[in-house]
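Undergrad: The structure is given below, and queries will be raised subsequently.
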Amino acid sequence: MSDTIAAIATAHGVGSISIVRLSGERALEFALKLSHKTKLTPRHATFTKLFNQNNEIIDEAIMIYFKAPYSFTGEDIVEFQIHGGFSVSEVLLEELVSLGARLALAGEFSKRACLNGKMTPLKALNIQDLILSKSALAAKIIARNMQGNLGELLEKIRTDLVKTLAFVETSIDYADDDLPSDLLEQISTMCEENSKILKEIYTLSQSKKGLIEGFKIAIVGKPNVGKSSLLNALLSYERAIVSDIAGTTRDTIEESFKLGTHLLRIIDTAGIRESKDVIEQIGVALSKKSLEDADIILAVFDASRVQDKEDEKIFDLLANTDKKIFWILNKSDLENVFKNTQNKNFIKLSAQKDITLLKEELQNYLNSFDSEGIMVSSLDLINACKISSEAIFRAKGLLEESSLELFAFELNLAINELARFTKDFQRDEILDEMFGNFCLGK
């Protein structure tokens, strides 16, 4: 990390301000050359002109110097606040490169912060999640995680496991000495409690991931029941073609919209029916895949048409799902000839006239998901909690069987999974994978 890196830290495009960030051993040197200053006071905003090596002015800027180790990365950092737009920040960045800086890789500032002990990998993930959060509620959950509650809990569990492992491995070396029975009971209880905590974290995170990612909603029904009309009504604009011709929608259409504070990702699927049309068959297959991925299903039926075998197939398709289903009887403004043989609690509406009742029902359901409890949005961390929980649970059983070597193996597995997020580490390939999806300048 001896080189000095530079990047534009703000989004590209026209705006009032752009920020260019510089980090590394030569950051102060480059800043002094650009500004023609002889010194900079750390943490003080300095208004200055910036010049290129031909002594031509680049822009006027506010320049802030953060002296190591009291900076985001733990290195010397200089931030240039300049005028926004497409060109000025690029010109400044090119000048920094000509002075000897290197263009930063995606997430490299955060990676350096981790390597220099300024933050844990877990906090870095939380920062990235906060940047990408899609709703105010998601931001609230992630900001709460950043306060350290989750990190402290995971580190406490890891520390408990390390202490236990140290004792057990010592006991393996001195196998002739009997372990006190009450100590075995304490270890067993510790394993049970920590396994349960980790299981609660990953199950809660899985069940409420829609709060952070946005709830996926799939609209399903046979052809020509008004699925596309319902999609358009929910979006409040015409996104899908509405036609009396059955099979108009042959592919899945996905859009996002806000309902109250919740982000919804809604998918209009191709009508499900038997068809010899190859393209339509592919659309039906995609529809069934969308149902598997959805958090909520809107099952649409036509009030003006007699229930038939295609309707029955929809009922059969949804019979064993554990997803939340809203049963919708569309076109209820027309003569109602649909017989509710399945005794479903239908919401009666006309997608082309008024869907207020559906929106109210949806919002009431979404509001029932509170944001309390510890939740994580990183799939990698959710999997780590799951793997650790299961390993600790297996270890408890092995302890009861006095299989101490296998007990130690399972505990090691859990410790290593948790340590990836709670402890500093030097494995660059893991860091590269973790920060590869971060923004430039972050």
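Positions of Cβ are set from backbone N, Cα and C atoms, glycine also.
Pulled the feature table from Swiss-Prot, pasting it below:
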- Arg21, Glu79, Lys118, Lys442: (6S)-5-formyl-5,6,7,8-tetrahydrofolate binding site (BINDING)
- Asn224, Ser243, Ile245, Thr248: K(+) binding site (BINDING)
- 224-229, 243-249, 268-271: GTP binding site (BINDING)
- Ser228, Thr249: Mg(2+) binding site (BINDING)
- 214-367: domain 'TrmE-type G' (DOMAIN)
Undergrad: Here are some binding-site residues: Asn224, Ser228. Which one has the most Cβ atoms within 10 Å of its Cβ?
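TA: The largest 10 Å Cβ neighbour count belongs to Ser228.
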Undergrad: Taking every protein chain shown into account, which of the binding-site residues Arg21, Lys118, Lys227 has the largest tally of Cβ atoms within 10 Å of its Cβ?
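TA: By the 10 Å Cβ neighbour count, Lys227 comes out on top.
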Undergrad: Between Lys227 (GTP binding site) and Arg21 ((6S)-5-formyl-5,6,7,8-tetrahydrofolate binding site), what is the CA-CA distance rounded to a whole number of Å?
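TA: That separation, Cα to Cα, works out to 49 Å.
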Undergrad: Note the mean pLDDT of the domain 'TrmE-type G' (214-367), expressed as a whole number.
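TA: The predicted confidence over the domain 'TrmE-type G' (214-367), as a mean pLDDT, is 78.
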Undergrad: Could you check what DSSP calls Lys227 (GTP binding site) once collapsed to helix, strand or coil?
TA: helix
Undergrad: Going by C-alpha distance, which of the binding-site residues Arg21, Glu79, Lys118 is nearest to Ser228 (Mg(2+) binding site)?
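TA: The answer is Arg21.
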Undergrad: Taking only same-chain residues 6+ apart in sequence, whose CB is under 8 Å from that of Glu79 ((6S)-5-formyl-5,6,7,8-tetrahydrofolate binding site), what do you get?
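TA: In sequence order, Ala9, Ile19, Val20, Arg21, Leu22, Met63, Ile64, Phe66 meet the Cβ cut-off.
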